[in-house]
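These features come from TrEMBL:
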type	residues	note
DOMAIN	1-356	domain 'Major facilitator superfamily (MFS) profile'
TRANSMEM	20-38	transmembrane segment
TRANSMEM	50-74	transmembrane segment
TRANSMEM	105-127	transmembrane segment
TRANSMEM	181-202	transmembrane segment
TRANSMEM	214-233	transmembrane segment
TRANSMEM	245-267	transmembrane segment
TRANSMEM	329-350	transmembrane segment
Amino acid sequence: QLQDLTYLAKSLGLDSVGLGYLQTTFGVLQLVGGPVFGRFADQFGARAALILSCASGSAFFLLTSISTSIPLLFLSRLPAVFMHGLPGAQKLITDLTTPSQRTDALGKLGLCFGIGIIIGSALGGVLSTKFGLTVSCFLPLTCINRVLINRSSSVGTSQSGNMFSIREILRLMKFPGVMEVFIVKVFAGLPVGLFLIMFSIISMDFFGLEAVESGYLMSYFGVLQMVVQGLVTGKLTNHCTERTLLRLSVFIFAGVGLGMALMRTVWHYCIVAVPMVFAFGTLGTVTDSILTKAVPSSDTGTMLGICASVQPLTQTVGPTIGGVLYKQFGVSSFGYLQLIVNIGLFVYLLKSKIPLREMKSQ
């Protein structure tokens, strides 16, 4: 999608700076919309939230496909504020599973979304080539119809209140352990997130890869992510508590930082990517599970919406911070920052008494 957007933006006369503004606009909208979308899911149910997400996605791609000017291209980003398919599906999972099954179920959900992204990207490319971008934008409409046909009694459980209330959203941070776990979730993978945002430039300048080779590398990364989230994380929850998995993912992230600081070739990166993907997948799944169990069941959607804002936050500040790190200190700076941050977090997790429900999947 990013490559197609870049091509469309350049064809409309948008330079690299303008493209950065366009991506930042998308990130800010996702950042703001995540918690609001979560509140909507709590008040009206997971199914209504999924319908809203599909409708927003349809509007997003439809407006993109008919964008004939730069202002219209920026306008096409607006529906992204409610385009949150993954948090909507996670809300449904939390409603249908017991707390002991949640981590495993959320991991398998990541596997399903990974498969969908790979197949969808290939199918979208074929449709765009043969029939044009306009045809491919109607695929999300099929999702809406499918959800509407299979209507169920999925309803909201949250107490009535202003869906846009910042106070109600921030109230969840006061529950025991929530703020501590959320801080770990945000900062543990932040340096690697900055590296991945800059990866398109790093792959060309540092690794010397062509566009096709870079695409293969990202596909390798995606397959690793599916395997880890769908198979490895679920197995580990049968033998380890969430506290142990949280500490393990942070510790491995520290090792990933050292590997990133020392890597010199793309083959080094392929090796480092294995523990990196494991730490990313395990940290994301485990923290989502912990945070949804730390708040009342009527607020799990809002909590997932807050969690979904972590990636857009990285996408918003990433180009600026990542650009400075790369230009001033080189690729190794991402690794050293990752190492230092996660050593600090690991020591914090060892010494702190974060109240967690110690349970394994049954």
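Glycine is no exception: its Cβ is also placed from the backbone N, Cα and C atoms.
Automated prediction, rather than curation, is the source of TrEMBL annotations.
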Within-chain partners of the transmembrane segment (181-202) [C-beta distance under 8 Å, separation at least 6 from its ends]: 173, 214, 218, 246, 249-250, 253, 256-257, 260, 276, 279-280, 283-284, 287, 290-291, 294, 306-307, 310-311, 313-315, 318-319, 321-323, 325-326, 331, 334-335, 337-338, 341-342, 345, 348-349, 354, 356
Local confidence of the domain 'Major facilitator superfamily (MFS) profile' (1-356) - pLDDT mean: 79
Highest-contact recorded stretch vs the transmembrane segment (329-350), from 20-38, 50-74, 214-233, 245-267, CB pairs under 8 Å: 245-267
